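J.: My structure is below; once you've seen it, I'll send some questions.
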Amino acid sequence: MSGKIEYISGPVVKADLPGARLYELVFVGEIRLFGEVVRVQGDKAFIQVYEDTTGLKPGEPVERTGEPLSAWLGPTIIGKIYDGVQRPLKDIEEISKNPFIARGIGYDKAPPLDLKSEFDFRPAVKPGDEVSPGDVLGSVKETELMTHYILYPPLPEHAPGVVEWVAEGKYKVDDVIARIKTKRGVVEVKMWHKWPVRRPRPFREKLPPVEPLITGVRTVDTMFPIAKGGAAAVPGPFGSGKTVMIRTLSMFAQSRFIIPVLCGERGNEAADALQGLLKLKDPATGRPLLERTTIIVNTSNMPVAAREASVYMGTTLGEYFRDQGYDVLVLADSTSRWAEAMREVALRIGEMPSEEGYPAYLPTRLAEFYERAGRVVLMGSKERIGSLTIAASVSPPGGDFTEPVTSNTLRFIGAFWPLSPRLAYSRHYPAIDWLAAFSRYVDTVEVWWSKNVSPEWRKIRDSLQSLLVKEAELQEIVRILGTEALSEYEKHILNVAFMIREGFLKQDAYNPIDTPSAPIKQFLLMKAIYTYYEEGLKAIEAGVPASALRELDSVKRLPRLRMEVTNDAAKEQLTKFIETLVLEIREKVARKS
């Protein structure tokens, strides 16, 4: 089960390794560095090494494990900060006595789970019950915010059977908590199991994404919504607000469990993001957000190959919590760094480059990643539903959205939130370009908004979006001829579009009144602007100039409402404001006539 190194090229090692299998986990060299077989030619294996290869030399041993790179799934996973191959960074720091990650620290020294931790196990089944792979056998209370459900793992070797033994009590993570008698023999189930990171976890049926994932960001929730089980991309150049967007989503998105994957970002940016995440409180309970979060960190100064593993690792952890019946959100920042890692490894093992040097299978890998999102009926004998939502940032060089990663990503996502440097430099945040963004989930989430907020939601949303498009067309005329060339109706459109931008789309992520924005507040802010538009049209027909309408007290207050009205008071105060606005405009018309 071992071989020898033949040559080393950066993160790639070629070894004479008879019997090696694709994507098999191996240990490379005397210091046993993590590696994964990415190409096999006869008895020769090309290995991408997940640690720094400095000091390796030809002739050193390569040891096969016989199994693929796998995630360890079970209690003690919540609240941990892992590297790309699921080694706990805090444990590594204690072992190495150094803030920098020492090489050769394997799962034997720093296991992903604390297998000796004890939990009070409460069974959900009893002896004699029939169970299938994927069924919940019991639960442990891991944190104040999360109950960790223990599953009968849906591994290929597991079959339906009858519970032979299960008992309540205090157990270590590595203890057997149930025995299940199947046709293939008795299966001893522990609190944890392993799952290959590149293999999607099974489910019974994929459901349409019909419920919106409320994020508290108005531009996202109202204009370009994402559904639970959907996939979204946030492309943008340096300084356009991608990291703040990811932070806002991680804090306010109404998902039960959050997995931020910091993939290939700069070390100081990742450290800053981590410090911010560690300080965040859950808005609903005031408890630390870390009690419903697991973080994966793989900065740009860490070995390039581990970036690929970190994305798959985060998705696998997300699927595991989805299988417990939770709504899970995976936030990957950024997939461009992951693609760059793929490009480097592919070129080093001699694969034919495609567009801009990326491997020809880049679209396939992106599809594999985004297709793991979904709202599904889970495995097991009882019908349960869980969802995995993926939102990933993309960092196109120079903000060029035609480069391969961004252009291929567009094919596999349902929501596209491009960040505009022009908006970011003018201090308009979130800097989502409303003319380039889109969402394929508007039709599917419309029923939820109509039922839970207002039947008028779709009509008003579409009207505001069309006004923004008209504004862009009118701006061309204004640049050439000035506002004097516009009719009163067109001037009114520009005034309303200004209100949409300043009073609705703009949002201060650090203002507790402005962010998060509850669905009812979002709708009523939108309705207030729409009322100004509709009543204004009638006033203009009656001869009132657009400039006079803009000088009304209520209209002047419109852009400030988002920062004055809290979510709790939104229904009462905004409804009253809309009535006052209508009254003022109609009084203006009456005085004119």
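Backbone N, Cα and C define each Cβ position, glycine as well.
Straight out of Swiss-Prot:
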- Gly236, Pro237, Phe238, Gly239, Ser240, Gly241, Lys242, Thr243: ATP binding site (BINDING)
J.: Using a 10 Å radius around each Cβ and all protein chains in view, which of these binding-site residues has the most neighbours: Gly236, Pro237, Gly239, Gly241?
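T.: Counting every other Cβ within 10 Å of each candidate, the maximum falls on Gly236.
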J.: Long-range neighbours only, meaning 6 or more apart in sequence with Cβ under 8 Å: which ones does Ser240 (ATP binding site) have?
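T.: Correct list: Gly399, Leu419, Ser420, Pro421, Leu423, Ala424, Ala431.
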J.: Tell me, if you would, which residue among Phe238, Lys242, Thr243 (binding-site residues) has the fewest other CB atoms within 10 Å in the structure shown?
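T.: Across Phe238, Lys242, Thr243, these binding-site residues, the one with fewest Cβ atoms within 10 Å is Phe238.
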J.: Using the Cβ center of Gly236, Pro237, Phe238, Gly239, Ser240, Gly241, Lys242, Thr243 as the ATP site position, which other residues in that chain lie within 8 Å, going by their Cβ?
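T.: Near the ATP site, beyond Gly236, Pro237, Phe238, Gly239, Ser240, Gly241, Lys242, Thr243, sit Ser395, Leu419, Pro421, Ala424, Ala431.
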J.: Helix, strand or coil for Lys242 (ATP binding site)? Use DSSP.
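T.: Note: Lys242 (ATP binding site) is helical by DSSP.
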